[in-house]
Ligand SMILES: NC(=O)C1=CN([C@@H]2O[C@H](COP(=O)(O)OP(=O)(O)OC[C@H]3O[C@@H](n4cnc5c(N)ncnc54)[C@H](O)[C@@H]3O)[C@@H](O)[C@H]2O)C=CC1
Ligand SMILES: O=C(O)[C@H]1O[C@H](OP(=O)(O)OP(=O)(O)OC[C@H]2O[C@@H](n3ccc(=O)[nH]c3=O)[C@H](O)[C@@H]2O)[C@H](O)[C@@H](O)[C@@H]1O
């Protein structure tokens, strides 16, 4: 099928590349010309394991192209994905200006062919109908003519009538495993009031639904939920809110564990064995970050307030998370007392491993607080190179190129991100380089026994 994805970030580029990988003919559109030039040369602008490889093979097969020309993308696609960002506004609501620009742009370029417009971006409930309205506004701006509204249920169109339907198809991929998640999803959610649009989406995803591209092809087909637009939009927010609340829950338990002398890693294991609870998203630590959980919870709380509802549980999940981020400062103060003049080395900066994404990474908050308290901050991250100090959050950070350089003359290390290579470090050597061999392990990632043997004072979370 002919597909156009608009926005080539973590979602749009991965979606476009994966759809090309399973045999579709894809054009990816982005309004950032540097990004587009980079992708045209076969390079991914983001670090996502496996992405460059599938981009290159799909490009070699002539199934994946990149352009800044929205009109060309819309002309090409029978299915048009909107995958632009929806960052938070200061009041917590979602900034939908990029979706708005794209929806109007689509309207300005629609031809007579029936198109399915897919909201892949995470958008406030009600956005499906809003996008439809904006597309029609775009058409009206172009034609300056009164419109007949097209669509699967409507009477046969005249040649100039825009023919389209809007589908909400929320994205559940995780950064760091985005390719795997896209090709092997737990479920596909399709929100629309039009069967023709749903059928086209089912055809688009059929190789994924039928597990043709899964490593284990004997698995049952992927679950598909076809539902109304608003419920599909709410499923996205509810899923992220549930996962974030689950993490805040275990962090709250961790904080009680510390006080009573229990070990939260054992408690997680013990409760996770109950199949009603499950063992995932029960790792206590520094709390959740990244480009989605914080903004999506804020947006859902804001939506509740818009409709006169005080989302107390969600607010509590956010509040536990905010407090969790500062725990590490208390732990450092307990060990080092005054932080002014001390050098703290951060192992990892990104909000999780296997990504280069720094958006709302807990490390950025910690850097800010440490610098306010007069400490010097050094950092080593496998994917963030020392040249990245142009990132405004990192201007006062001494980015180094190895864990050894990080440890040298540091008063304490703080493990912020659980990059697997951090388990391979020779900690005995590191201990010898430090002023005081202390490590605050914000992910309970390192073996306390191994670290103690290496001469470290290992401080975990909730144990
Ligand atoms: N990052 C993630 O893991 C996930 C993100 N989402 C949602 O997907 C959406 C996109 O997120 P990301 O991919 O992380 O965003 P991103 O910020 O990485 O990428 C957005 C892209 O859209 C482009 N863009 C902006 N305006 C444009 C326009 N008018 N025309 C063409 N391109 C335009 C930007 O240049 C950028 O390349 C958001 O709503 C997010 O909440 C959903 C699931 C996972
Ligand atoms: O909407 C989105 O953008 C995506 O948000 C999350 O994916 P992502 O943010 O990439 O990463 P996660 O693996 O969910 O981790 C989020 C945060 O929670 C933290 N986390 C995760 C799991 C855990 O047990 N403990 C914990 O602290 C991570 O360190 C990270 O900071 C969801 O898992 C995806 O399903 C969703 O599509």
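The first residue you see is number 1, and the count goes up from there.
From the backbone N, Cα and C atoms, a Cβ is placed for every residue, glycine too.
Model, not experiment: these values are computed from the prediction.
As annotated by TrEMBL, active site, nucleophile applies to 292. Summarising the annotation, TrEMBL assigns NAD(+) binding site to 30, 35, 86, 122, 175, 295, 359. Feature annotation from TrEMBL assigns substrate binding site to 172, 173, 174, 175, 236, 281, 282, 283, 284, 285, 289, 352. Taken from TrEMBL, the feature domain 'UDP-glucose/GDP-mannose dehydrogenase C-terminal' covers 345-448.
Positions of the features from TrEMBL, shown on the structure.
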residue	record	DSSP class
35	NAD(+) binding site	helix
86	NAD(+) binding site	coil
172	substrate binding site	coil
282	substrate binding site	coil
289	substrate binding site	coil
295	NAD(+) binding site	helix
359	NAD(+) binding site	coil
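Note: the domain 'UDP-glucose/GDP-mannose dehydrogenase C-terminal' (345-448) comprises 36 helix, 19 strand, 49 coil (DSSP; helix = H, G, I, strand = E, B). Farthest C-alpha pair in the substrate-binding residues 172, 173, 174, 175, 236, 281, 282, 283, 284, 285, 289, 352: 24 Å apart. Close to ligand 2, meaning a Cβ under 6 Å from one of its atoms, is not one of the binding-site residues 35, 86, 295, 359.
Screening the binding-site residues 86, 236, 359 for a C-beta under 6 A from any atom of ligand 1 leaves 86.
A Cα-Cα distance of 11 Å separates the residue listed as 'active site, nucleophile' from residue 236 (substrate binding site). Considering only the binding-site residues 175, 295, 359, the residue whose Cα is spatially closest to the Cα of residue 282 (substrate binding site) is 175. Around residue 174 (substrate binding site), taking its Cβ as the centre, 15 other Cβ atoms fall within 10 Å, counting all chains. Its own atom aside, the Cβ of residue 175 (NAD(+) binding site) has 25 Cβ atoms within 10 angstroms in the protein chains shown.
Straight-line distance linking the Cα atoms of residue 172 (substrate binding site) and residue 86 (NAD(+) binding site), rounded to a whole number, equals 15 Å.
Only 289, from the binding-site residues 174, 236, 284, 289, place their Cα within 10 Å of the Cα belonging to residue 359 (NAD(+) binding site). Looking only at Cα atoms, residue 236 (substrate binding site) sits nearest to 122 among the binding-site residues 122, 175, 295.
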